[in-house]
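What TrEMBL says about this protein:
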- 2-285: domain 'EIPR1-like beta-propeller' (DOMAIN)
- 210-246: repeat 'WD' (REPEAT)
- 300-319: region 'Disordered' (REGION)
- 309-319: compositional bias 'Basic and acidic residues' (COMPBIAS)
Amino acid sequence: ARALTPQTAETDAIRFLVGTQSLRYDNQIHIIDFDDENNIINKNVLLHQVGEIWHLSTSPADKGVLATCYNKTSDTKVMTCAAVWRMPKELESGSHESPDDSSSNTQTLELLCHLDNTAHGNMACVMWEPMGDGKKIISLADNNILLWDLQESSAKAVLSSSTALEGKGQLKFTSGRWSPHHNCTQIATANDTTVRGWDTRSMRQIYCIENAHGQLVRDLDFNPNKQYYLASCGDDCKVKFWDTRNVTEPVKTLEEHSHWVWNVRYNHSHDQLILTGSSDSRVILSNMVSISSEPFGHMVDDDELSDQEDQHQEEKIKEPLQDSVIATYEEHEDSVYAVEWSSADPWLFASLSYDGRLVINRVPRALKYHILL
């Protein structure tokens, strides 16, 4: 398995979706519900009969709608296609009841529409407009950025604008992220060793970080609380943090992994918490306080302090907190291809390795209380 996503529209129950990559059997999407109180994982399986799943993303507005990028073989050629699906009504929201045997027959996804890529090449990923109504999506196909409008309850996808990456050689996007800032008018894309920013209204390039990494850039993520901050990771084993207003140098670089870094994710609520997953089979949780939206910790109200505390507090506030690796998780025995934070619980995350193992972990309690208190 390579594809993992939280169910973005589900903010009450802890729920992740995993897509399989099997050559021999029908592929599936596993809906993973985590019951936090009892530490139990419940699973429902949906059939995805069209091919191996390379990428999964869920609608920010509708719990039942998701998109997949999958391999399709036709006339000895393999194409990566994308489609939008709806899951069965009874599975839409995260429930903690275990399915009884009679109802646990595998169900099938309902196809809403294909994102037609016959003219554009292989689909790398599909991104939903982060704050939107679930009607706007962008797909990256080879060297094309395609903006789609989903119409008639997502049963039809109309291409509303597109642009192509031009230059020498076989240009191909590897990944992209839609920024939650600037009224959702910007996206960032990765191709080869370059990271680019685009304005979705004009489809023009707004910044370009050439040689952002020494080798292929694998993934990107925007800081949810600081509008110009972007994280990237790649095959040079590094994670880099950029201020997109000045892209000559990264603001910070993390060099904790010993192999390709496939994934980087900012915590949605506490942006100093950064998750990375790598082919070194490890998941690393880092505390990047110095470049977070609270580099000096929580400010304390002056009225609450006595004079003596006051002085002490003043000294403490001036000093930024230290960046550090909080924890390294080694439960995987294979390349970790995906890490994701839960959209319902900011202290919980999942990681997925190629052998199909999904691990759910929590931010260490001591750190959680240190951040909150």
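Note that Cβ sites are derived from N, Cα and C of the backbone, with glycine treated the same way.
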Same-chain residues near the repeat 'WD' (210-246), Cβ under 8 Å, at least 6 residues beyond its ends: 174-177, 179-182, 188-195, 197, 252-269, 271, 274, 276, 278, 286, 288, 291-293
Residues in the repeat 'WD' (210-246) grouped by DSSP into helix, strand and remaining coil: 0 helix, 18 strand, 19 coil
